[in-house]
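Peer 1: Just dropping this structure here.
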Amino acid sequence: MGIRIREVDAGFSLESILQRAKQDLNDTLSLVRPILEEVRTRGDEAVRELTLKFDKLQPSSFYYPVSEWKGNASPELVAALEKAKENISAFHKAQVPSDLDVNVSGNSLGIRYTPIESVTVYAPGGKALYPSTILMGVLPAKIAGVKHVQIVTPPQEGGIPDGLFAAAKIAGADAIVTVGGAQGIAAASYGTKSIPRSEFVIGPGNKFVTAAKIILSGQGVIGIDSPAGPSEVLVIADDSANPNWVAADLLSQAEHGEDSAAILCTDSMDFAKKVAAEIDLALKERPKRAEIKKASIENESWILVFPNLDSCVEFSNLYAPEHLEIQTKNYKELFKKIKHAGSVFLGPYSPVAMGDYISGTNHILPTAGGSRIFSSLGVMTFLKRVTYQEVTQDSLEKLYPYVKVLSEFEGLDEEHGNSVKVRLPKRDL
């Protein structure tokens, strides 16, 4: 069947593409609520039962301090993780904000930034393992000053892979917790006898993980980054781009899962056909995870041919992709017109995989149009703004008349207004 190619005109509706494979979580939310309640009320006992039920495993322990790891990861993997840490750390250290102090009407006002104290980073298991997600979640948290960072990840046959432990140690995580799914999120959010409670939970996961995060954040139990959906990429390219490279970038996203979306927006039908042909060829030549890639390409992915590149940008801003690549002659000019995207990859030598692993930007990003209101994970994710004010006696006297008017209008003058009034010298009463 191959990827679908459509010429966008007045007769072609883009609505279903804009909606993409957004997860309908209604049924999932109903399934997850009892799991959360079991963990809340029964703690470790419930976690053991649910782990056996869903993962068919019964670990002797759930909580593994990273400092106690005695295994060995390959030197090549360690070197790659260390280089990734170097770049990720450099980019995220530059994000640390300075405290603010400003004089307003004679008073000292300001902002102090204080870190969240405990964070859980969810690292998915299942069809792939992601030590890179550990770096992306843990490093910004530690740079922000978070005291305790634990990684929650599904248990694996044979124990925690050395690669995950290596990533955790390099990133500076405190512990790995081998509990997956909604029960893992619940255990980290409520805390159990063996699993410390976290105030904030971040990281991608399946629909059960997402549902658990939504419920628990809605109840005020935890804070979260943003609800995660299927991964996605949108590529804007003209005929100056290499069709083989663009096809590779689309397939790299399709490789994530059957519901991942890979969209190409171009102004050239000839280029569109070349990319489609390269995708067909690649699916035959690179069989690893072939069924996953094929399902994504055939069911969730598109090549859209627009009248011009400005129309491609307009669609991209409506789509608000998780990842956006711009491979055109004038990519810097087009970038100026982008309003909504999780992370943007500019020019022919910036595939998404560079950001996924090594360039230094964060790969934990809003999906499903979330970049219209959410941002990529960063140091600010783990910092709170504490505002303060120090009011002088002179300023209090000068500003009281305004407080009097406003508090009387709101019907709160008896106590609000009075709390200022009692501080005035007797001559002003």
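Along the chain as shown, the residues are counted starting at 1.
Glycine is treated like the rest: Cβ placed from N, Cα and C.
Pasting the relevant annotations from TrEMBL:
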BINDING   Y122, Q183, N206  NAD(+) binding site
BINDING   S231, Q253, H256, H323, D356, E410, H416  substrate binding site
BINDING   Q253, H256, D356, H416  Zn(2+) binding site
ACT_SITE  E322  active site, proton acceptor
ACT_SITE  H323  active site, proton acceptor
Peer 1: Counting other CB atoms within 10 A of each CB, which of the binding-site residues Q183, N206, S231, Q253 comes out lowest?
Peer 2: N206
Peer 1: Ranking the recorded positions E322, D356, E410 by other Cβ atoms within 10 Å, which is at the bottom?
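Peer 2: Checked E322, D356, E410; of these recorded positions, fewest Cβ neighbours within 10 Å: E410.
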Peer 1: To the nearest whole angstrom, what is the C-alpha distance linking N206 (NAD(+) binding site) and H416 (substrate binding site)?
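Peer 2: That comes out at 49 Å between the alpha carbons.
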Peer 1: Can you give me the Cα-Cα distance between D356 (substrate binding site) and Y122 (NAD(+) binding site) in Å, rounded to a whole number?
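Peer 2: Cα of D356 (substrate binding site) to Cα of Y122 (NAD(+) binding site) measures 16 Å after rounding.
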Peer 1: Within 10 Å of the Cβ of H323 (substrate binding site), how many other Cβ atoms are there?
Peer 2: 26
Peer 1: These are the binding-site residues: H256, H416. Which one scores highest on other Cβ atoms within 10 Å?
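Peer 2: Buried the deepest by this measure is H256.
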Peer 1: Work out how many Å separate S231 (substrate binding site) and E322 (active site, proton acceptor) at their Cα atoms, rounded off.
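Peer 2: On Cα coordinates alone, these residues lie 7 Å apart.
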Peer 1: Taking the Cα atoms as reference points, how far is H323 (substrate binding site) from Y122 (NAD(+) binding site) in Å?
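Peer 2: Computed Cα spacing between H323 (substrate binding site) and Y122 (NAD(+) binding site) is 20 Å.
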